[in-house]
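To start, the structure itself, in structure tokens.
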Ligand SMILES: Nc1ncnc2c1ncn2[C@@H]1O[C@H](COP(=O)(O)OP(=O)(O)OP(=O)(O)O)[C@@H](O)[C@H]1O
Ligand SMILES: [Mg+2]
């Protein structure tokens with residue numbers, strides 16, 4: 001789930017490594033001093049401990065954080081872990097999570113986008129004004145709003161990549177500018193209500209009530225994962241490169257299946273699978289594929305790792321930068337529309353408050369490094385889940401906004417500390 | 001020589017602020033020829049390499065590729081012509097694994113998707129021929145030793161079937177065995193009809209594999225030598241500009257002596 005499928009990251013295992021490699025010379029390509037993993041469960045434990053020591057934390061801290069948060073709030077108030085609350089939570093995290101996906105892309109370059117809050121508000125306002133006030137076709141208005149977010153991102157990218165203004169400054173200026181434009185677009189009314197039968201409201205509120213839908217979705221996801229893993233292992237075996245042993249594939253599939261079907265079961269205990277969650281998950285799978293399986297994704301990681309190295313490898317660094325900021329603007333627009341659908345209005349406060357802080361926190365808490373070149377879109381889901389859980393839990397407990405802000409701030413700091421420390425120990429262990 | 005050189009530079013100049021790093025630099029490389037480019041630290045060797053590779057395009061001068069005038073303004077242009085470069089600073093992406101670095105910019109694809117299996121397979125073969133030992137082709141290059149990183153950078157230059165290979169001090173960090181492998185590799189490049197420019201401070205290596213030796217001194221050509229009719233001493237004096245430096249050394253000595261006398265009798 002956290003981006004290290006396909007044996008990336010870990011050392012090769014003798015379990016799957018064919019020994020009949022064509023060897024014109026007696027020199028093995030792989031160092032004999034390499035610490036190789038033992039087979040079976042002991043091997044897993046050993047590798048796990050080694051990874052922990054060398055700072056390859058992956059998504060472990062965030063999974064632990066979610067477990068702790070759920071345990072604490074669950075024991076303080078039983079309604080927190082009720083099917084209804086968890087189902088609501090799965091809808092509430094989508095807006096933040098979508099915007100955080102864009103932030104993940106930007107963080108992979110080692111940059112930051114401080115404008116996504118305003119951009120999300122602006123795009124919600126564009127939709128509301130075009131569709132609700134001016135009666136434009138709702139799909140067209142949706143398209144214009146998303147295209148507007150993309151254009152805003154492209155503008156940021158242009159000033160950053162072509163003019164050379166630091167991204168932090170461009171997007172800080174953008175934050176104010178687009179907020180102003182949003183107020184202008186909303187005009188005197190200030191608030192535009194989005195009717196509940198509007199496409200944007202329905203995208204957020206639709207739930208597939210038939211229990212079969214959630215189970216089928218879980219089954220399809222798990223099935224695709226299993227097929228892809230098996231196919232990959234088979235090709236690797238045929239090509240005589242290390243591959244994941246069958247037992248390990250089964251184990252991973254079982255873990256993923258357990259998570260997917262338990263989630264489906266809980267959602268079905270309430271009303272069923274929410275549409276926004278399904279859209280979010282599909283988008284995550286697609287973007288994860290783009291980042292890890294396409295040339296473009298490889299270019300993003302390369303620029304995040306070594307700009308000059310990427311340039312010398314023939315990669316167009318300005319193109320990568322502009323496109324990544326365009327992705328960020330687009331995701332901010334999509335997230336903004338989901339947030340508008342949630343509250344069924346676009347108002348002067350849209351995209352304001354602590355939204356910007358929350359989405360950056362979500363990306364970092366989820367395990368994407370602030371230092372560039374390391375991360376995965378799944379951190380947007382995990383991080384949004386942490387932030388959303390804290391907010392939901394504190395709302396149930398009746399904790400004031402003041403305390404919520406402080407706790408969210410502290411969690412963000414903790415995530416950044418974990419990131420910095422793990423980077424330090426990765427350096428010490430020669431992995432950064 | 002009747003054949004047209006695969007790569008020829010004429011009158012290349014490059015200025016960095018107040019430093020004229022290269023002025024009027026000429027160089028020719030034929031197919032199947034190894035040209036060593038030597039010179040002291042700061043002579044402008046890497047600048048020349050980067051001008052050819054499109055990293056820092058020259059201010060003035062002509063680059064001809066197979067007799068045709070070309071302009072190389074970006075690394076991409078050089079790659080498209082068939083020029084592969086191993087940079088002195090390696091220019092690897094620390095966060096990518098060995099396979100990712102080897103194929104960066106020329107990834108193998110299958111149905112438009114990265115073909116990790118075939119890239120991994122080719123990576124292992126390539127590294128094998130250079131007899132490099134690394135923990136795994138799937139670990140980030142940050143965790144490799146200096147020499148291992150250098151071998152990865154060399155292997156990378158061989159990925160895309162180049163016609164000319166530029167090697168900027170490729171053996172600086174390598175052990176005895178790996179240096180021998182790289183020199184073997186340079187000879188194999190020559191056998192396969194590739195043109196090679198090799199930068200090295202090691203005269204033994206230079207004399208072992210080079211066909212011609214171009215000396216660069218303070219950003220200018222300071223002689224071309226044929227390996228068969230040259231001695232190492234001749235090249236070294238061209239590198240250091242022996243006559244000139246003898247003069248300066250003498251002047252420095254006289255100055256020192258005067259100062260010493262001045263201190264003895266106050
Ligand atoms: N990017 C740059 N900016 C400013 N000056 C530079 C730059 N690159 C090189 N120089 C200057 O150009 C001159 C030549 O440098 P170059 O790197 O080509 O030397 P070199 O022959 O490769 O030396 P070495 O053997 O130490 O690698 C030096 O005086 C250096 O300071
Ligand atoms: Mg140099």
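Cβ coordinates come from backbone N, Cα and C, glycine included.
TrEMBL lists A:1-26 with the feature region 'Disordered'.
Annotation comment: TrEMBL describes A:57-73 (among others) as transmembrane segment. Within the chain, the transmembrane segment (A:57-73) has long-range Cβ neighbours (under 8 A, six or more residues past its boundaries) at 1-2, 4, 51, 80-81, 365-367, 378-379, 382-383, 385-386, 389-390, 392-393, 396-397, 411, 415, 418, 422.
If you look up TrEMBL, you'll see A:93-109 (among others) marked as transmembrane segment. Sequence-distant contacts of the transmembrane segment (A:93-109) (same chain, six or more residues past either end, CB-CB distance under 8 Å): 116-117, 120, 153, 167, 204, 276-277, 279-280, 283-284, 287, 291, 300-301, 303-304, 320-321, 324-325, 327-332, 334-336, 338-339, 342, 355, 358-360, 362-364, 366, 368-370, 372-377, 379-381, 383-385, 387-388.
Here TrEMBL flags A:116-133 (among others) as transmembrane segment.
Same-chain residues lying 6 or more positions outside the transmembrane segment (A:139-160) and placing a CB less than 8 Å from one of its CB atoms are 102, 111, 113, 115, 119-120, 122-124, 126-127, 130-131, 166-167, 170-171, 174, 178, 199-200, 321-334, 336-337. The transmembrane segment feature in TrEMBL is assigned to A:139-160 (among others).
Annotation source TrEMBL lists transmembrane segment at A:167-187 (among others). Sequence-distant neighbours of the transmembrane segment (A:167-187) (same chain, 6+ residues past either end, Cβ-Cβ under 8 Å): 106, 111-115, 117-119, 121-122, 125-126, 128-129, 152, 155-156, 159-160, 325, 346-348, 350-352, 356.
Residues or ranges marked as transmembrane segment in TrEMBL: A:207-228 (among others). Residues 249, 252-253, 256-257, 260-261, 263-265, 267-268, 271-275, 278, 281, 285 of the same chain lie 6+ residues outside the transmembrane segment (A:207-228) yet bring a C-beta within less than 8 angstroms of a C-beta in it.
Marked as transmembrane segment by TrEMBL: A:249-267 (among others). Residues 1, 83, 86-87, 90, 214-215, 217-218, 221-222, 225-226, 229-230, 233, 273-274, 277 of the same chain lie 6 or more positions beyond the ends of the transmembrane segment (A:249-267) yet place their CB under 8 Å from a CB of it.
Per TrEMBL, the feature transmembrane segment maps to A:273-291 (among others).
Residues annotated as transmembrane segment in TrEMBL: A:319-343 (among others).
Taken from TrEMBL, the feature transmembrane segment applies to A:355-373 (among others). Counting residues 6+ beyond its ends, the transmembrane segment (A:355-373) has Cβ neighbours under 8 Å at 2, 57-59, 61-62, 65, 96-97, 99-100, 103-104, 107-112, 114, 116-117, 120, 175, 301, 304-305, 335, 339, 379-384, 386-387, 408-409, 411-412, 415-416, 419, 423 in the same chain.
The transmembrane segment feature in TrEMBL is assigned to A:380-397 (among others).
Beyond its flanks by at least six residues, the transmembrane segment (A:403-421) meets 55, 57, 61-62, 65, 354, 357-358, 360-361, 364-365, 367, 369-371, 383, 386-387, 390-391, 394 of its own chain at Cβ-Cβ distances under 8 Å. Per TrEMBL, the feature transmembrane segment maps to A:403-421 (among others).
Proximity of distant same-chain residues to the transmembrane segment (A:319-343), defined by a Cβ-Cβ separation under 8 Å and at least 6 residues beyond the stretch ends, is recorded for 91-92, 94-103, 105-106, 108-109, 111, 113, 115-117, 119-124, 127-128, 142, 145-146, 148-154, 156-158, 160-162, 167, 194, 198, 200-205, 276, 296, 299-300, 303, 310, 350-351, 355, 359.
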